[in-house]
């Protein structure tokens, strides 16, 4: 194991020429980032996840949600049926046409009623509006706090105004307590997102978000160990800005404040595109691709960092495309179109509380229940992811 670690952390790979791991060892005069510091992120990640769990269960944000008249009920429950339940749990949640026809004959229901039952049953497993509001409120609170902290920290640093200062004096850049705290909290949050993604409702962009979390955790970890933390703080702060507005837009949507939700979403679209397609490449990628090379020379890890940063930019472009589509619909139709990541399936037909028999004299009761409305779920990344 020691040999594997020594091979992996080869200083000729991770560090610029004439820099060794000994140069990054803390002394009595100055502290530098140490790899073992990152172990603090794991218990903190569990704490972050536990707080999120409390929010999801409504123990913290529920009074606020109810005060804003957020719907407390979940999706409409499917009528109990042992045969369909067995198919749903043991065989498939999305029966094909052949299976639907077989179930139709077995139960004497029409195919449309069986499709509706499966849709309602799938929706049963998805979070209620109250839970989604509580989760968004937690994310909004975290992003607002950490973004405010990052801005207050960075406005006192020289590298905010001159990115060349990110590399000045390297590797002898002492680790400030505020920077250490900022990094560990952000890393803890992204580890918690990594864990929770596997127990959350699976969304269509699971793979994209998982890739984003892997890239982000890798960048935070490697930049900390190699003391390239100054530019890391710029990246973290820049990415948190848009997520505050996104979570606020979600909460407004869950409160059925459609006009406010649409306004916030359009604001989010502007902030996201300006920060991710404008400031990020012109400010961040410019310094990591060119200024870093000029200051420290070429070394293998430089390309690892830049490849990961470019992967983030590709994800930014993908999410920006989705956001622009949604924003265009919001402007052309007067409201934001339903997000493809919406948690609740809906039908243009009226929902029925009682399945229809194939018999000619059956009585049908309808309640007109619709699925997710408006901007439910949004884009995330947006992510954020969501959501970076």
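Placement of Cβ uses the backbone N, Cα and C atoms for every residue, glycine included.
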TrEMBL annotation (transmembrane segment) - matching range among 242-262, 263-283, 326-346, 347-367: 263-283
Stretch carrying DNA-binding region according to TrEMBL (options 86-129, 130-173): 86-129
Residues flagged as transmembrane segment in TrEMBL, choosing from 38-54, 55-71: 38-54
Segment-segment contact (the transmembrane segment (303-324); the transmembrane segment (206-225)) at 3 or more Cβ pairs under 8 Å: yes
Proximity verdict for the transmembrane segment (180-199) and the transmembrane segment (38-54), three or more C-beta pairs under 8 Å: yes
Same-chain residues near the transmembrane segment (263-283), Cβ under 8 Å, at least 6 residues beyond its ends: 163, 234, 238-239, 241-242, 245-246, 248-249, 252, 312-313, 316-317, 319-320, 323-324, 326-327, 330-331, 336, 375, 378
